[in-house]
Amino acid sequence: MSRETIFNAVLALGLLLFPLWAYVADEPFMITLATRVAILALAGVGLNIALGLGGLVSLGHAAFFGIGGYAMGILAHHAQSYTPLMEVPFLIEGTKSMPVIWLVALAASALAALVIGALSLRTSGVYFIMITLAFGQMLFYFAISWPAYGGEDGLSIYVRNSFPGLNTLDPIQFFLIAYVILAAALMFAAMLAKSPFGLALNAARQTAERVETIGITPYRLRLTAFVISGAITGLAGALFADLNRFVSPSMFSWQTSGEIMIFIILGGVARLFGPVAGAALFIALEHVLGGLSEFWHIYLGLLLLAVVLYARGGIIGTLAGREVAHD
Amino acid sequence: MSFLLLIEQILNGLQFGVMLFLTAAGLTLVFGVMGLINLAHGSLFMIGAFAAAATAAATGSFVLGLAASLAAAAAAGALVEMLVIRRLYNRDHLDQVLATFALILIFSEGTRWLFGSFPLYLNIPLALSGPVTLPGGIEYPLYRLTIIAVGLLIALGLFLLISRTRLGVQIRAGESDREMIAALGIDINRLYTVVFALGAGLAGLAGALVGAIQSVQVGMGEPVLILAFVVIVIGGIGSIKGALIGSVLVGLTDTLGGVLLPETFKLFMDPASATAVGSALASMLIYILMAVVLIVRPTGLYGARA
Amino acid sequence: MMKTKSLLLAATAAAMTAGMALAEPVKVGMITTLSGGGAGLGIDVRDGFMLAVKQAGNPDIEVVIEDDQRKPDIAVQLADRMIQSDDVDILTGIIWSNLAMAVVPSATAQGKFYLSPNAGPSALAGKGCHPNYFNVAWQNDNLHEAAGAYANSAGLKNSFILAPNYPAGQDALAGYKRMYEGELAGEIYTKLGQTDYAAEIAQIRASDADSVFFFLPGGMGISFLKQYADSGVDLPVVGPAFSFDQGILQAVGAAALGVKNTSQWNKDIDNAANKAFVESFEAEYGRLPSLYASQGFDTANLILSAMAKADVKDQDAFREALRAAEFDSVRGEFKFGPNHHPIQDIYVREVVQEGDVFTNKILGVALEDHADAYAGECKM
Amino acid sequence: MTEPVLSVRNVSRKFGALIASNNVSLDLRPGEIHALIGPNGAGKSTLIKQIAGGLRPDSGEVHFLGRDVTALSTVQRARMGLGRTFQISALAMEDTVLQNAMLGALGAGRRPYRFFRPVLKDRDLREVAETALDRVGLLDHAAIRTSDLSHGQRRQLEVAVALTLKPRAFIMDEPMAGLGASGSKRLTGFLDELRHEAPILLVEHDMDAVFALADRISVLVYGEVIATGTVEDIRNHAEVRRAYLGEDA
């Protein structure tokens, strides 16, 4: 077993044991924090498929995170107020069922990723970073000024949505839902990296010319990766909205895109558990540093700077060393 | 809408564009020469505004305030370049994003720690305040005309600097080939520090000039940063000419879109919802512009490199 | 993000002020904005609140203060923590409507009291009202309505009105129009966070307006006022107090002189409680108190007054004690309407210069015993 | 005479004032190795790009397997069976040698959109990849990271990736570069065999290899084909000697 595998196992186990400990010690807020880590890590796992595997540096993933969030918000809002979502041409009702909401979030964000990706992937490099940012900003301003669903005030859902057989209001049960989804996404991402598609996508990142000369179109590979990536981040958005029982345009903000990206860079780009390690560290830092001083952002900034300058390859890169070639 | 008002709005768009150019010029210079994505550019803008406000409050002189903004931002830029940025040139864009994001946190809260949480006072000098009457009878604030003039002068200065001076030759060499600079015996570390400080100083000066008619407060740099990025991407990264044209394009689109869209919607909607829909669309307009430009020209209007 | 400043006031003060008979301590969680661009408002609310707590010397009130960074998800997370881990009885402190909308419904649903020291979104005043939710400041529309009423009395007939395109901005224009009886020369929604208003000012100039009403909180208002003053347009300006507040006025400077604005508080309201508040605030923090500080101060005193009458664990009794609002408000008379929002006088103020300091003085009352427009929709 | 597999007809391409290809015509017949030689800057790379699909000519046509492919993309031409190796290795450097070869096999199999089963467990693909590696003598290095290969080994891997496609024609851009004497001798022997599977358009600087292998040679100078013919023809061609070989001698 490589050091990275051991580290991943420790991380996965730690993220599970910490809230279980908090449950026994009756510290429900610690469970909420762990849930937050799991959900934001999930968003990162999504972005990492585009960014790590595909080399597509998207600064617009908040678009999908927000769409997932609003999928939850809009469906639950209509269910809560007993008003149909739409009546023509056919009746669509709101819902408070998590699985249904997740499916809608996945589908809606995948569709958005298809459109945004199809246009954005015509560019590359910094231009790609900026055009994805532009799409994120468009949705941000749209969400703020669109009055139907609360505008900047956002939408509040009074009771968390339901999952058959579970009490989602119980923090530990909701945590387990998020954890299982994160685990599933990690497994999927691991499989994807080793799959034929992963091989081709990874090659397209390194040498697009080669991929073309073997008869595969890099654009379509990347678009597919972007859609998968956006869908997973959208699912995370729906869960995040359920964690807060609230959605607002801030989920669409460029800072949100930046934060998701920072989890990945902190943890280690293209590392399977990079987003998990990054989100855990970032949230732990926020929690600990926040207690030190009113100006704790300065310390956070200095720490992040230290990581970039002295811990290359993020946490996992530093702890586990150079990635071994697959197999 | 009257023709005169339209002319005035075009002037406003132009003026907004020139203000954007002041910030975007430094950003595109740094990107073009060093290939660095500097998210902290907005912080340098803020530092300039705060330095100007503090100096103007202490001395009562706006000009000294401007000088202070230039000096403070350039000094902060040089310092940051030597301590942090220098280690990032050979890294990929992601590391640069994280590091300069960290710098934003440090600069913002550091400024708040030094100056407190309330906005500072910085006003335009008496000599430049109030409107003047332009030919055609448009009343237009003198200070805004001054900004247009200063912006165009700086644009001209940058063109001359790059095309006519030794530093300009080095900058151009740096854009095309880094190894060549070293081969020419140029001290590359010094060149980069100078260029970064120049870009930072421009941002600081912009902060002071703009701060005089806006709010000097922590966080004022971030919206400007995003707009500056929009501008340089539309113009083509690294191109001063592109930055100028991109700025004016964004300035005109934003200003005229905000004015004309609600009016247009009023033609076929009731006024209240026309205003709401028009304004919503107007706030998305520059991003739509940027997306369209990039879809048609994937490296911006004047961008050479893919 | 979690700054814990547990302020357990010295138990040695057990010498006890009169009326402190009920020993059950009250834990207050304050979630407010202490970092980033909007920090000034949160700091004022906090300082006003803590001044009242300090002056009361009541050892039975404990305050936990946290910074929400003006982010809704952080605010929700803090509320979760305070409810789940800190086990607070009362939440307070939120500045912004969108954060209040994120926190208040679920906090009150979980059986906590929420006392708003600043935000008053219409949803929480009308259909979404809750027995455990009290607004100690105003319903969002109140000051705008007062501005509309003032415009009528000042004989303004053709207003140009503008606000950012987001819910509070839309409420602001609706609030003004609710009271204002004249014509509209124009109605504009600006971009949220906009810093350049040249285009809007040109439209104002080109219109035949006789006055301008605007709601542009924070830095947006500063930018607008500076640019407006420099444009040479000299129509009278009316607005809610938010853009003419103590913390902001110094940054606007002379550009704001003479502007009429509406507020439920000013430092020259003539009552003993207010005099004492202004003096002690200046002595404690070395600056003049703002509107927000006064709201924080009143919020704390409301809690203290209820503590003197009831045990917080007896929710019905405590709720009654809050509703009675028997405390010396710095605004003078203060009472709650049926939806737990204030019924109060709203004043017109004018921006003046006192020595080096820009501040406000009261001109008169715009609306007397004013309640909000949504109380009728509230069923509780 | 049999129909050529690949033919370039009157292709011209300008970059500003520079004429990179000037009315170039050449063809590749079944079973032959056709060498393209010329001094640096003669326009060989530009011509290769126009044949393989990275660049569209201003005028003229490229035909492959009897079909006009001038308007087709690189991907479409690759799918028709045009195999290519690069002058500067275009390999996934972070991946293993085997993964690179499997990438080729994946392209040949036309089914890259499979997301679940590990590609290395796909026996069919693996067999294709390993056979190709074995043929160029890299099977022993299958598990090595590509960036750890020597330059010569990377050229071999380039050839192996092209082999996995089972192409109808090869375009090889300097496959001998950096190989060393024994390596290039082995590759020469290998290409000699390979021509019977599919004809090869060979761009090469190594004149020993060119003269040993080529059935025909075209000489490109300043974007123009100044001569096409057998090895003997070219050796004796006065203009070629002057313009090109003369410099070498």
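Backbone N, Cα and C atoms are what each Cβ position is placed from, and that goes for glycine too.
The transmembrane segment annotation in TrEMBL covers A:7-24 (among others).
What TrEMBL lists as transmembrane segment is A:30-50 (among others).
Long-range contacts of the transmembrane segment (A:62-80) within its own chain (CB-CB distance under 8 A, at least 6 residues past either end) are made by residues 43, 46, 93-96, 100-101, 104-106, 108-109, 112-113, 116, 132, 135-136, 139-140, 143, 149, 154-155, 157-158, 161, 229-231, 233-242, 246-247, 249, 251-257, 260. Among the features that TrEMBL reports, transmembrane segment is placed at A:62-80 (among others).
Within the chain carrying the transmembrane segment (A:100-119), a Cβ under 8 angstroms from the stretch's Cβ atoms is held by residues 60, 63-64, 67-68, 71-72, 75-76, 131-132, 135, 161, 222-223, 226-231, 233-235, 237-239, 242, all 6 or more beyond its ends. What TrEMBL lists as transmembrane segment is A:100-119 (among others).
Annotation comment: TrEMBL describes A:126-149 (among others) as transmembrane segment.
Positions annotated as transmembrane segment by TrEMBL: A:172-193 (among others). Within its own chain, the transmembrane segment (A:172-193) is flanked in space by residues 12, 15-16, 19-20, 23, 31-32, 34-35, 38-39, 41-42, 45-46, 48-49, 53, 98, 160, 163, 166, 202, 228, 232, 235, 239, 242-243, 272-273, 276, 326, which lie at least six positions past its ends and keep a Cβ under 8 Å from the stretch.
Outside the transmembrane segment (A:223-240) by six or more residues, the chain places 39-40, 42-43, 45-51, 53-54, 56, 58, 61, 63-72, 101-102, 105-110, 112-114, 116-118, 120-121, 177-178, 181, 185, 192, 197, 201, 251, 260 with a CB less than 8 A from a CB of the stretch. Sequence annotations record features per position, and here TrEMBL assigns transmembrane segment to A:223-240 (among others).
Under the heading transmembrane segment, TrEMBL lists A:260-285 (among others).
Positions annotated as transmembrane segment by TrEMBL: A:297-320 (among others). Tertiary neighbourhood of the transmembrane segment (A:297-320): same-chain residues 2-4, 7, 262, 264-269, 271, 273-274, 277-278, 281, 285-286, 289, selected by CB-CB distance under 8 Å and a gap of 6+ residues from either end.
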Checklist outcome for this item: Near the transmembrane segment (A:30-50) in space but 6 or more residues beyond its ends, with Cβ under 8 Å, are 15, 18-19, 21-23, 56, 58, 61, 64-65, 171-172, 174-175, 178-179, 181-182, 185-186, 189, 192, 225-226, 228-237, 239-240, 243, 259-261, 263-264, 267, 269-270, 274-276, 278-280, 283, 287
